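What follows is one structure encoded as structure tokens, with my remarks underneath.
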Amino acid sequence: MAESSFFWVLVGVALYGAIHSFLASHTAKRLAERAFGCAARRFYRLGFVILALLTAPPLLLSPLLLPDRPLYSIPSPWVYLTLTLQGLALLGLLAAIRQTGAAAFLGLRQISQPQPLISRAGPDQLVTVGGYRFVRHPIYTFSFILIWLMPVVTWNILALMLGLTLYTFIGVLFEERKLSAEFGPAYDAYRRRTPMVFPRLFPHR
């Protein structure tokens with residue numbers, strides 16, 4: 001670890017998370033809506049997504065560009081299994097996004113159907129089927145599979161994995177409060193019977 005950039009990568013994740021958490025906050029949305037009115041309602045989410053896509057590459061590439069040391073690699077033939085699982089996880093992630101409305105997730109629906117920024121931007125009804133039958137946040141479940149089955153891991157990559165995991169769990173806590181406020185008792189009942197991220201090995205019948 002001493003010869004790697006472990007802590008600098010963690011700092012990068014923290015900065016990335018702080019910026020995006022602020023932009024996703026009610027404070028930032030109120031400021032944008034006050035300054036730009038209907039234009040903010042139409043383009044804020046799309047702008048947020050574009051900014052996330054533009055700022056992600058420097059963060060994701062930082063482990064490769066900074067001084068580092070190897071930690072471990074998954075040997076053959078197991079690496080083929082983990083790569084297959086990552087591929088399936090990517091398909092599952094895309095399916096979960098589609099299930100709750102890819103257009104709204106990407107900010108495309110808001111262009112033609114603007115709505116107040118501090119309001120429900122997801123599905124009109126609580127989704128509890130498909131992957132959402134087993135966990136409340138399958139997007140994050142599949143994301144963790146992609147993150148933690150990396151075939152080659154260095155100290156820098158481990159820092160990125162840990163930082164993204166922690167940031168995701170913090171984000172889930174805020175998202176849970178938002179969903180509970182939006183869907184009320186229906187979400188509270190769903191939360192009681194469905195795990196957050198990790199599915200039960202033996203689901204209740």
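Quick reminder: no glycine exception, Cβ is built from N, Cα and C everywhere.
Nobody curates TrEMBL annotations by hand; they come from automatic prediction.
In TrEMBL this protein carries:
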type	residues	note
TRANSMEM	6-25	transmembrane segment
TRANSMEM	46-66	transmembrane segment
TRANSMEM	78-97	transmembrane segment
TRANSMEM	142-170	transmembrane segment
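Sequence-distant contacts of the transmembrane segment (78-97), counting only residues of its own chain at least 6 positions beyond either end whose CB sits under 8 Å from a CB of the stretch, comprise 105, 130-132, 138-139, 141-143, 145-146, 149, 151. Beyond its flanks by at least six residues, the transmembrane segment (46-66) meets 4-5, 8-9, 12-13, 16, 19-20, 23-24, 106-108, 110-111, 154, 156-157, 159-160 of its own chain at Cβ-Cβ distances under 8 Å. Beyond the ends of the transmembrane segment (142-170), by six or more residues, the same chain brings 1, 4-7, 9-10, 12-14, 16-17, 21, 59-60, 62-64, 66, 68-74, 79, 82-83, 85-86, 89-90, 92-93, 96, 131, 197 to within a C-beta distance below 8 angstroms of the stretch.
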